[in-house]
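Residues annotated as ATP binding site in TrEMBL: 30-37, 147-150, 184-187. TrEMBL lists 37 with the feature active site, proton donor. According to TrEMBL, the (R)-pantoate binding site annotation covers 61, 153. The beta-alanine binding site annotation in TrEMBL covers 61.
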Ligand code: PAF
């Protein structure tokens, strides 16, 4: 497995791979790799000849009061995990190479980005689309694999790819969960044992909602109220939003259509912002 830091080197290598007919699979990450990321490498390996994992903590997707500085960075361990899982290249550029002084160009998806996390993180998706566009231009993927845990991010990236005619297929991997039901996430590393046990109520509340739908509930209000109530029973949890949305457009639903919508939750477990979702 190769590691490449330089943007120019990565780009010329990718162009070479493509011109020799190889299918490139990209797994974009910010590192601190867990089973959720590693399962995306498995998907990329099934669909592509060469798998590139990018590891870049992207400053433009963090707000000024967010956790950019303390975001967990463990490059050596991440490189080992990529090697063990069979990736071909780890691309880990520097901030200076990705955003040289004077950098001033951004990609903005304006509709899907606006709701849910876009309300409390107003520049987040602009940072995500910008860095993904750059990563696509640098690594030239035929397919790029993202995780369903970040459902809104998946919808925004798919829209950007469609709107800007980017010649890459976006593949979405299932959310991976730990034994207590928590969606795997790099930010889980911030949680104490007590916070984690309360945070696991987020996934429990999603399952509760899915059961309600399976048992015939069709009222969005009813689902949102029950899930919010369930979450408020945990002392350390503060709800940011509980919403039922269309899974492509992220438009809030009026009534439940089984199989078509996602229940999305964002909450603080004390200082840690967590998100999760489930298909209803
Ligand atoms: O999901 C993430 O880890 C990031 O948002 C991504 C897609 C790697 C862009 O920085």
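The first residue you see is number 1, and the count goes up from there.
Each residue, glycine too, has its Cβ placed from N, Cα and C.
In TrEMBL, annotation is done automatically, which means it is predicted and not curated.
Cα of residue 30 (ATP binding site) to Cα of residue 37 (active site, proton donor): a span of 10 Å.
Residue 149 (ATP binding site) sits 17 Å from residue 61 ((R)-pantoate binding site), taking the CA atoms of both as reference points. The 10 Å shell around the Cβ of residue 37 (active site, proton donor) contains 26 further Cβ atoms across the protein chains shown. Around residue 153 ((R)-pantoate binding site), a 10 Å sphere centred on its CB holds 22 further CB atoms from the protein chains shown.
Here the binding-site residues are 34, 149, and the one with the most other Cβ atoms within 10 Å of its Cβ is 149. Close to ligand 1, meaning a Cβ under 6 Å from one of its atoms, are these of the binding-site residues 30, 36, 147, 149: 30. A distance of 8 Å separates the Cα atom of residue 147 (ATP binding site) from that of the residue listed as 'active site, proton donor'. DSSP assigns residue 34 (ATP binding site) to coil in the three-state reduction, placing it in neither a helix nor a strand. Long-range Cβ contacts of residue 32 (ATP binding site) within its own chain (separation 6+, distance under 8 Å): 71, 72, 73, 74, 78, 186, 189. Residue 36 (ATP binding site) counts 22 other C-beta atoms within 10 Å of its own C-beta, drawing on all protein chains shown. In this structure, of the binding-site residues 61, 184, the smallest number of CB atoms within 10 A of the CB marks 184. In the three-state DSSP assignment, the secondary structure recorded for residue 184 (ATP binding site) is coil. Taking only the Cα positions, the spacing between residue 61 ((R)-pantoate binding site) and residue 34 (ATP binding site) is 20 angstrom. For the pair residue 34 (ATP binding site) and residue 153 ((R)-pantoate binding site), the C-alpha distance works out to 18 angstrom.
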